[in-house]
Amino acid sequence: MSRISKAEMSKLLSVYFIMGSNNCTKDPLQVLREALEGFITIFQFREKGEGALTGEERICFAKELQAICKEYGVPFIVNDDVELALELDADGVHVGQDDEGITSVREKMGDKIVGVSTHTIEEARWVIENGADYLGVGPIFPTSTKKDTKAVQGTKGLAHFREQGITIPIVGIGGISIENTASVIEAGADGVSVISAISLAESAYESTKKLVEEVSRSL
């Protein structure tokens, strides 16, 4: 097995759905199924915050979601927990700046996908040099889903990464909706990551389809 290519990674980031049990008002397994039917390109399991599952319940839930992703041939990424990613044999892991260091993560994950949230050009250069496959850049817009976010960067912040010669695949993070997706892609992102735009939508399927259309139209 070898590391994922830049071109392949770029395609996978198109519509990146992030979800935990506490991000949904409907059955999360059904929400994920609808999102997959609508053609999300990658899924991240993020079980954090108020009301999140813990211990065995969390692991069992992750396995259920992973099995559904496998049915559809969509990569299953674990948020911030390298040990769980290894235990589940997940397709990859996504870490933040306050989590385990990129060098250690890459060593443990081998050739699997490693994504890193970055907020500055310096952080980006460091994680690229040490094995990141893609960057999560943001928050682009204000978000209520994540309580521990940094200052809003706007699409200008995202464009700045490209202007400074960062060529690695980038997914925009934070407050992204169907309405503002085009502006994120036009600023230089390869894709958009969303939580509530799909998890709280009246129809996760319809919302995903619209996001896919917006990304395709803007690339």
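Cβ coordinates come from backbone N, Cα and C, glycine included.
Feature annotations, courtesy of Swiss-Prot:
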type: BINDING; residues: Gln44, Phe45, Arg46, Glu47, Lys48, Asn79, Ser117, Lys146; note: 4-amino-2-methyl-5-(diphosphooxymethyl)pyrimidine binding site
type: BINDING; residues: Asp80, Asp99; note: Mg(2+) binding site
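Known features from Swiss-Prot, placed on the structure.
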| residue | record | contacts (Cβ under 8 Å, 6+ apart) |
| --- | --- | --- |
| Gln44 | 4-amino-2-methyl-5-(diphosphooxymethyl)pyrimidine binding site | Tyr16, Phe17, Ile18, Met19, Ile77, Val78, Asn79, His94, Ser193 |
| Phe45 | 4-amino-2-methyl-5-(diphosphooxymethyl)pyrimidine binding site | Met19, Gly20, Ala62, Leu65, Gln66, Phe76, Ile77, Val78, Asn79, Ala90 |
| Arg46 | 4-amino-2-methyl-5-(diphosphooxymethyl)pyrimidine binding site | Ile18, Met19, Gly20, Asn23, Asn79, Asp80, Ile195 |
| Glu47 | 4-amino-2-methyl-5-(diphosphooxymethyl)pyrimidine binding site | Gly20, Ser21, Asn22, Leu53, Arg58, Phe61, Ala62, Asn79 |
| Lys48 | 4-amino-2-methyl-5-(diphosphooxymethyl)pyrimidine binding site | Gly20, Asn79, Asp80 |
| Asp99 | Mg(2+) binding site | Asp80, Val105 |
| Ser117 | 4-amino-2-methyl-5-(diphosphooxymethyl)pyrimidine binding site | His94, Val95, Gly96, Gln97, Leu135, Gly136, Val137, Gly138, Ile173 |
Protein Cβ atoms within 10 Å of Asp80 (Mg(2+) binding site), excluding its own: 19
